[in-house]
Amino acid sequence: MATLQDIALAAAINILSACIFFLVFAILRIQPFNDRVYFPKWYLKGLRSSPTRSGAFVQRLKLFVPIAFLAWAILVPVNWTSASNTLAQSKATYSDIDKLSISNTPLGSERFWSHIVMAYAFTFWTCYLLQKEYETIATMRLQFLASEKRRPDQFTVLVRNVPPDADESVSELVEHFFLVNHSDNYLTHQVVYDANKLAKLVKKKEKMQNWLDYYQIKYSRNESSRPFKKTGFLGLWGNRVDAIDFYTSEIEKLCKEISVERERVTNDPKSIMPAAFVSFKTRWGAAVCAQTQQSRNPTLWLTEWAPEPRDVYWHNLAIPFVSLTVRRLIIAVAFFFLTFFYMIPIAFVQSLASIEGIEKVVPFLRPIIEKKFIKSLIQGFLPGIVLKIFLIVLPAILMLMSKFEGFISISSLERRSASRYYLFNFVNVFLGSIIAGSALEQLNTFMKQSPNQIPRTIGVAIPMKATFFISYIMVDGWAGIAAEILMLKPLIIFHLKNFFLVKTEKDREEAMDPGSIGFNTGEPRIQLYFLLGLVYAVVTPVLLPFIIVFFGLAYVVFRHQIINVYNQEYESAAAFWPDVHGRIIAALIISQLLLLGLLSTKEAAQSTPFLIALPILTISFHYFCKGRFEPAFIRYPLQEAKMKDTLERAREPHLNLKGYLQTAYIHPVFKGDEDDEEEEILGKWEHDGELVPTKRQSRRNTPLPSKFSGSSSPSLPEVVEERGQP
């Protein structure tokens with residue numbers, strides 16, 4: 001059990017680490033040769049300025065600063081000045097920090113009314129801020145959508161699960177369907193190819209080309225000796241060959257393979273997926289199509305807004321739609337077992353990350369461990385760093401799971417990974433640490449108590465786990481956030497590339513790796529601190545200053561990174577905010593339920609029922625916000641679409657929209673230097689914008705009931721004849 005001295009030592013270590021990171025960053029950032037690492041946005045956007053900041057710095061911390069002020073002004077004195085020695089009487093393991101928590105309040109005390117009143121105050125304040133933020137962000141989103149420049153995804157929908165037809169290809173079927181059902185707005189379409197094998201070959205060729213460039217540069221610097229390499233794994237064994245000749249030969253082979261595979265993809269009907277990107281003449285037409293059901297059968301002709309081209313995850317477009325449900329079921333089961341089994345090593349390591357646990361495993365180290373400094377270091381620093389290490393590989397695992405599920409955009413991949421990361425943090429980091437850690441620490445007490453006393457001991461022990469979370473916040477939230485600004489990995493990689501591979505200015509630009517903010521890791525990480533802050537605000541207010549320091553450091557670091565470094569892969573227009581809002585609401589409800597359970601062990605029968613209304617009010621508030629603001633984040637108002645279309649036609653009456661959209665959603669592997677092959681692909685979906693005859697021999701698969709027939713549409717030649725056209 002960490003003491004105040006242990007926490008103070010851990011705080012000193014983490015503050016010193018953070019200061020060192022900031023100092024090293026301050027030195028490295030002023031070196032001109034590091035500009036492309038610490039200020040890559042200047043080169044990508046042509047900017048060298050920082051946007052002004054409005055408002056005081058403390059306004060950026062408007063949630064937890066008032067909560068901390070009230071908690072320390074009211075709850076800490078209430079807990080500290082309790083008349084009876086509740087913790088000593090409970091025979092539980094505790095430290096001086098726990099005397100500031102609710103655990104020190106006597107059983108059945110009237111003082112619990114102050115905790116309940118503060119729970120209401122914190123909930124109302126949080127909900128008030130959430131409502132204001134939701135309203136502000138929803139307004140900003142609509143203003144952004146109304147003012148942003150033209151983008152292909154504003155005019156394009158993705159249609160999936162196109163039904164098979166014996167008489168028409170997928171491209172012809174899509175064209176026919178949308179000419180019939182969206183005749184006034186349909187403009188063009190691009191079918192989806194299964195080009196995953198081709199993409200792998202292209203990627204392999206690029207890798208080979210990089211090595212060839214490396215060896216050619218190496219040879220140009222010293223032409224007295226040709227570079228050699230071994231052909232085995234990682235160049236560790238195998239035949240020794242001339243490196244330049246080897247890679248030149250390999251690239252030539254790959255070029256032939258790529259040419260053959262490209263020909264197969266463009267000519268084999270099996271390579272065309274039952275999906276297409278369909279573009280419309282207006283945003284209004286795209287909005288109508290994306291937000292409506294297209295056929296009687298709700299499982300066919302499924303439409304959704306197309307991601308912007310840079311947001312498309314092309315690999316998953318080749319996954320058959322019918323397999324998505326099975327894939328997601330498999331991943332749901334896999335995630336359950338991952339979460340469950342991950343708790344076992346975390347609980348085991350938590351038991352070892354204490355003085356008693358280490359002494360049991362390695363008793364010969366007891367004389368060293370019992371030294372005052374070492375003991376404080378272990379109890380205040382070790383638990384947090386161990387948990388941080390265990391979570392390093394988790395984001396990569398969760399992203400692989402999301403990719404296997406078949407999401408078609410980078411944003412949706414990150415969104416799903418973020419939700420799973422948050423759930424994992426809640427189950428393993430929060431609940432797992434509390435339940436496993438508390439149970440292990442109080443095991444001796446449990447063994448000596450009667451069964452009816454165990455719930456009370458757990459109720460007292462849960463607030464005591466605040467010392468562990470304080471340790472974790474300092475390791476991950478202080479030193480970890482400060483290390484983010486140093487960007488050590490991109491710094492090393494850039495200079496290695498710059499030294500070995502860069503020979504032109506273009507090469508130097510490609511060596512830059514600004515990265516992105518990483519919604520799948522950053523947002524769940526911050527949400528964990530919201531959860532900890534809201535849960536412990538009433539239970540153990542001493543944790544709140546550590547949370548505030550984290551948010552202060554995070555604001556400073558991420559503000560710099562967003563302005564100067566990160567180059568976001570896509571523009572979401574704040575589409576993720578409903579998820580953020582929902583998780584903060586979930587944290588509020590969790591904090592209320594835990595407080596309700598905790599007070600039930602404190603013999604506060606008179607005051608506890610007043611907490612029951614709090615989760616009900618919070619859930620009602622959530623549904624109010626969901627109904628009032630969420631539609632702005634999931635649907636595009638037709639009024640806004642029509643207004644933007646009208647303004648665009650007035651400003652650019654001669655805009656060639658078809659030319660703008662024609663190649664927007666071509667698979668990147670087709671956008672190479674082979675112009676003739678690209679033109680051949682484009683020709684497969686080029687059309688003149690007029691109605692075309694269908695190749696269908698029967699009417700059974702015609703997609704739309706129409707005014708010409710009671711059950712199904714006639715083929716287009718019949719329609720043309722009935723209209724009296726040649």
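The count begins at 1 with the first shown residue.
The backbone N, Cα and C atoms fix where each Cβ goes, and this holds for glycine too.
Curation does not apply to TrEMBL; its annotations are automatic.
Residues or ranges marked as compositional bias 'Basic and acidic residues' in TrEMBL: 681-690.
Under the heading compositional bias 'Low complexity', TrEMBL lists 703-717.
Among the features that TrEMBL reports, domain 'CSC1/OSCA1-like N-terminal transmembrane' is placed at 61-133.
Look at TrEMBL and you will find 154-316 tagged as domain 'CSC1/OSCA1-like cytosolic'.
Taken from TrEMBL, the feature domain 'CSC1/OSCA1-like 7TM region' applies to 327-599.
Positions annotated as region 'Disordered' by TrEMBL: 678-726.
What TrEMBL lists as transmembrane segment is 6-28 (among others).
The transmembrane segment annotation in TrEMBL covers 63-80 (among others).
Taken from TrEMBL, the feature transmembrane segment applies to 329-353 (among others).
What TrEMBL lists as transmembrane segment is 373-400 (among others).
Look at TrEMBL and you will find 421-440 (among others) tagged as transmembrane segment.
Away from its own ends, the transmembrane segment (469-488) comes close to residues 2, 7, 10-11, 14-15, 17-19, 21-22, 24-25, 28, 37-38, 97, 380-381, 383-385, 387-388, 429, 433, 525, 529, 532, 536, 542-543, 546-547, 549-550, 553-554, 557-558, 560-561, 565 of its chain (Cβ-Cβ under 8 Å, at least six residues beyond either end). Per TrEMBL, the feature transmembrane segment maps to 469-488 (among others).
For 528-558 (among others), the entry in TrEMBL reads transmembrane segment.
Annotated transmembrane segment per TrEMBL: 580-600 (among others), in sequence order. Beyond the ends of the transmembrane segment (580-600), by six or more residues, the same chain brings 102, 112, 115-116, 119, 123, 126-127, 130, 133-134, 422, 426, 459, 462-463, 523, 527, 530-531, 534-535, 537-539, 607-608, 611-612, 614-615, 618-619, 621-622, 625 to within a C-beta distance below 8 angstroms of the stretch.
Under the heading transmembrane segment, TrEMBL lists 607-624 (among others).
With a threshold of 8 Å between CB atoms, the same-chain residues lying at least 6 positions outside the transmembrane segment (63-80) that come near it are 99-102, 104-105, 111, 114-115, 118, 121-122, 125-126, 129, 533, 537-538, 541-542, 544-545, 547-548, 551.
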